[in-house]
Each structure stands twice: as C-alpha cells, then as structure tokens.
Amino acid sequence: MASDPEQPPVSSFSQVMKLLKVGNLVSVNYECLAFSTTLQIKGVSVSNMTPAHVISYNRAVVHVSDLGERKSSAEVTTEREPLLNGFHASENYSISAAILPFLFPAFGGLLFGYDIGATSSATVSIQSPSQSGITWYNLDSVQIGLLTSGSLYGALIGSVLAFNIADFLGRRRELIVAALLYLVGALITALAPTFLVLVAGRLVFGIGIGLAMHAAPMYIAETAPTPIRGQLISLKEFFIVIGIVAGYGLGSLWVDTVAGWRYMYGISSPIAVIMGFGMWWLPASPRWLLLRAIQRKGDVQNLKDTAILSLCQLQGRTFHDSAPQQVDDIMAELSYIGVENEVTFVEMFRGKCKKALVISAGLVLFQQITGQPSVLYYAASILQSAGFSLASDATRVSILLGVFKLIMTGVAVVVVDRLGRRPLLLGGVSGIVVSLFLLGSYYIFLDNAAVLAVVGLLLYVGCYQISFGPMGWLMIAEIFPLRLRGRGLSIAVLVNFAANALVTFAFSPLKDLLGAGILLYIFCAIAVASLVFIYFIVPETKGLTLEEIEAKCL
C-alpha cells in the first residue's frame, strides 16, 4: 500500500488519533509489519507504532497485532462505539500491594483531622493560668482566633503554592514536602517560646495541610486499581475522621497536664516522619511520569521504563509481566485525549477543563456551605436538652459524634464502588435536606420536641458522612483531566478551605442576626440547590479508568 506523497509521515499516537478522528471514519485499511512497526491508514504512513496494542477512538477501533515476521493487511469495519469504552485490558491488582500506596498519603489526612480535634483542647490548656506552663496565657479573642485558624490560613497558602508547583514536583515529592512541613510545623508549635512563634508554627503546619490535601487524593487516584479506587479515596476521609477522634481523645487526656498543649501538637511529629519516609519509599505516580513523557519533559524511554517499574511496585510481583502493556495502554489513551501541551490559564476555563472545574468547585463549595461544621455547634445543647447527661461535657459529645462519623464513613467506603458516587450523593444530600428542615423547625416551632432534634442531628451527621464528606474528595480526585489535575485540584482545595473559612467567620454574626432556626432553614435551601446541582451536573464515575472519565464524562 503506497503512501500518499502529498501527506507527511505521522510518527506519534496522538497524530494517529487526530488523523482517524477526522471524517468520522467507518472503515480503515491498515498494514502492519512487526519489526518496522509501520502502519498505513488511507495511504498515510504512520511509523513508530507499538505492536500488540489496542487503540480506541470515537468512530473506530484498530487492533495493531504483533505479526512476527509476516506482513499482513486487512480491512477493519467498525461500529460507532463510545470512546474508550470497554477496550482497555482488565486491570490486575493485589489488595496487599495497594495498601501502602494508600496508607502513607492517607497519613496526610490523619494529621489534618488530628489538628482539628486537638486544637479544641489545646485552646483550653494554653489559657489555663495553672496548667499552660507559660506566662503569656492571657490571650484575647483575636489571638485565640489566630491560634485556631492559623492552620486554615496556612492551608490556603498551601493550596495557592500547589497551583504553581504541583505538576513540577509530582504527587510523591509534593507529599514528601508536606510531611516535612508537618514535622517542622508541629515542632515549632510544640516548642514555641512566644505567641508569635506559636502562630508561625501553626501557619507552617497549615501549609503542609494544603499540600497534603491536594496531593494525597491525586496520588491515591492515580495509583489505585480502578475497581477499588472509590473505596481507597473514600477511606482517606475515614482517616481524617480517625484523626479528629484521636485529637479529641488525646486532648481530653492532656488538657489537665501542665503544658499539655505542647504534647497535643508535638505528637504529630512521629506520624509526619513515618509519612515522609513512606512516601520516599513509594514510587512516583505512573500517570504523572507518562504525562511528562508525552509532554517531552525528560527522556521519553527512561520515563516509560520508570513508569513500568512504578506499576510493578504498586501492583505486586504477581503482575510484573502485565506492567509494560498497561503502560502502553495508558500512553495510547492519554495520547488520544491530547495531553501533549500544558494547560494554559485561559484553557482552564474552556471545554473539558471548565466542566471539571465547575463540578469539583461546586461540590466542595456545597460541602462547606450546607452547614458543616456549623450544625455541630448545636450538638451539645441538643443532646443535653434531650436528657443525655454526657452532653454536659463538650469533649465527650465530640468523641461520641466522631465515633458515629467513623461508622457512617465506613458504610460509604464499603458501598461506594458497588452503588456508585451519584446514588450516595443524591441519597445523602436528600437526607441532609430533611435533617436541616427538622433542626430549623425545632428551633422555631418544636422547641419541646428534643427527640426530633436529636434525630435531625444524627441524620445530618450520618448523611454528610456518606455523601459530601467522602464523595467530595473522591470526585475532585477523579474528575480532572490529567494535564489539568495538578492545577485544577489546587483550585478545588482552595475553594474548600476558603469556603470553610467564610462559613466559620460568618456563622456567629449570622446566628446573632437571624437566629438559629432561620439560619438552619437557609442551610436547608442551599442543600436543595446542591441536590439540583448534583442531579444535573455531576456524572457517575464508578468503574471507569481515569482516562475513560476524561473521555466520557467531560
């Protein structure tokens, strides 16, 4: 089959994909010789093809077979198949091999949660004249605000930094930097001789939170086997809740100890060390390596070889033989999708990138402005009014609700890859709407129905932990196209922490201005809006590879 002299040779997967996509081809003539690996399509010479590879695209599927020394030509008639639907090889994985690539990044979430829980007791300890162990214990409201919110401000800074450095550092090295910042921040805070040094330590620790909460979902999503990806990313939320409960528990133990706040913050150090060494031992994300290969940011063959070694380590020894084929599959799919060039700032707000940003930013925004964590502000008073004597101790209430959160998050982890993301979001947010209506009604009309308020409170906490809690982080980790994932997820994390800060600071003034009942009704109306958003905008990603999500859902 002679090449068309007017057509230049084509030498990459992405060019092949673009060629085949033009004209919505229904049939393709091809010729392949394994040793020269030359493919000719409609008279156009295509070189440097990989034998034994399935290439999927919008209107046709070409199977380039390893033909040995035989030269063969054939005509392939194709159907109008969905893009990348079902043509990738079945994914091999080992549960035991998947544990550590999840565990060490999840320690970033554990430390984030622990900081939330421990700070509530640390603020009590540091203001005690007899137990603080310092001379500057008489802190005013602004100083207490800086102490409690210092890590949040740091997380905002970390999210901004991640936008600029994420794709350069890669997921693994970003998590190593986060672990280092966790360690330095914890030590500075625990050993702080003055209040200003204490705030500086909180800021450094917070920057670690921002980087960790940005990189951990990406690393887990890009290294987890597709069949259990949802469970593993949701399990990171489980680790955040474990950290919160641990923070409350250890805080209650040390709150009456002299300088107990130093122990509360210092205990984060060994966990940060374990996280850092663990991430040093783990390989880089194979998809990040292949992205750099396609974008020619290094030696292509060396990056591919490194990606193969990475897959071997991530999947376990049993599946070493399939790693090269998986790398070829991912390369072909990424090349079709088109990731050769870095996304520009303007491109982020167009096409697929814009849709991914709307989905992710919308989810994390609604995650914060539907009342979390404001509703928990009323937990102690609601339980106490219903006759629970333990509710007189705020720490005990926090631990009780924390354990309930753990249980409900565990339910979400178990069912997410069977039921899917949308059913959990729609069902959980529907429950949040009902619970907020019940709580608002309790404060306005039904002040004698304390049991109803308890039901509303537990319904809210439970439904949040099977929907917005884990599903928000899961969806933002999955939905972004690979070349946008680093920057896009940093924007989503920034929106998350910014909305958290906004709700935290606006809650008390709004409560005083409107009253608890009206404010809860406003949260209820926002929850209804979020339900509409999820129903019409958020796609289902269950069972799809990250490349299929980009091709089919955006």
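Including glycine, each Cβ sits where the backbone N, Cα and C put it.
Here the structure is a predicted model, which means the values were calculated and not measured.
Per TrEMBL, domain 'Major facilitator superfamily (MFS) profile' is recorded for 101-542.
If you look up TrEMBL, you'll see 93-114 (among others) marked as transmembrane segment. For the transmembrane segment (93-114), the residues of the chain that approach it from at least six positions outside its boundaries are 175, 178-179, 182, 208-209, 212-213, 215-216, 219-220, 223-225, 227-228, 232, 235-237, 239-247, 267-268, 271-272, 274-275, 278-279, 281-282, 314-316, 318-319, judged by C-beta separation under 8 angstroms.
For 142-163 (among others), the entry in TrEMBL reads transmembrane segment.
Residues or ranges marked as transmembrane segment in TrEMBL: 175-197 (among others). Proximity of distant same-chain residues to the transmembrane segment (175-197), defined by a Cβ-Cβ separation under 8 Å and at least 6 residues beyond the stretch ends, is recorded for 104-105, 107-108, 111, 136, 139, 143, 154, 158, 169, 203-209, 211-212, 215-216, 219, 262-263, 265-269, 271-273, 275-276, 279-280.
For 203-221 (among others), the entry in TrEMBL reads transmembrane segment.
The annotation transmembrane segment is assigned in TrEMBL to 233-251 (among others). Within the chain carrying the transmembrane segment (233-251), a Cβ under 8 angstroms from the stretch's Cβ atoms is held by residues 102, 105-107, 109-122, 125, 216-217, 220-221, 224, 263-264, 267, 395, 398-399, 402-403, 405-406, 409-410, 412-413, 416, 465, 469-471, 473-474, 477-478, all 6 or more beyond its ends.
Annotation comment: TrEMBL describes 263-282 (among others) as transmembrane segment.
Taking Cβ pairs closer than 8 Å, the transmembrane segment (356-379) reaches residues 348-349, 391, 397-398, 401, 429, 432, 436, 439, 457, 460-461, 464, 468-469, 471-472, 475-476, 479-481, 484, 488-489, 491-493, 495-496, 499-500, 502-504, 507, 516, 519-520, 523, 526-527, 529-530, 533-534, 537-539, 554 in its own chain, all 6 or more past its ends. What TrEMBL records for 356-379 (among others) is transmembrane segment.
Same-chain residues lying 6+ beyond the ends of the transmembrane segment (399-417) with a Cβ under 8 Å from its Cβ atoms: 117, 227-231, 234-235, 237-238, 241-242, 244-245, 248-249, 252, 376, 379, 390, 424, 458, 461-462, 465-467, 469-471, 474, 542-543. Feature annotation from TrEMBL assigns transmembrane segment to 399-417 (among others).
Under the heading transmembrane segment, TrEMBL lists 424-445 (among others). Listed as Cβ neighbours of the transmembrane segment (424-445) (distance under 8 Å, sequence separation of 6 or more from its ends, same chain) are residues 370-371, 375, 378, 382, 412, 415-416, 452-453, 455-457, 459-460, 462-464, 466-468, 471, 515-521, 523-524, 527-528, 530-531, 534-535, 538.
Tertiary neighbourhood of the transmembrane segment (451-476): same-chain residues 217, 230, 233-234, 236-238, 241, 359-360, 363-364, 366-367, 370-372, 375-376, 378-379, 382-383, 385-386, 401, 404-405, 408-409, 411-413, 416, 421, 424-425, 427-432, 434-439, 441-442, 489, 492-493, 496, 538, 541, selected by CB-CB distance under 8 Å and a gap of 6+ residues from either end. The transmembrane segment annotation in TrEMBL covers 451-476 (among others).
Residues of the same chain lying 6 or more positions beyond the ends of the transmembrane segment (488-507) and with a Cβ under 8 Å from any Cβ of it are 149, 152-153, 155-156, 159-160, 162-163, 166, 210, 213-214, 217-218, 348, 353, 356-357, 360-361, 363-365, 367-369, 373-374, 377, 472, 476-477, 480-481, 519. Summarising the annotation, TrEMBL assigns transmembrane segment to 488-507 (among others).
Among the features that TrEMBL reports, transmembrane segment is placed at 513-538 (among others). Here the transmembrane segment (513-538) has Cβ contacts under 8 Å with residues 358-359, 362-363, 366, 369-371, 374-375, 378, 421-422, 425-426, 429-430, 432-433, 436-437, 439-444, 475, 507 of the same chain, all six or more residues outside its ends.
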Task = Calculate the per-residue pLDDT averaged over the domain 'Major facilitator superfamily (MFS) profile' (101-542) and state the result as an integer.
result = 89
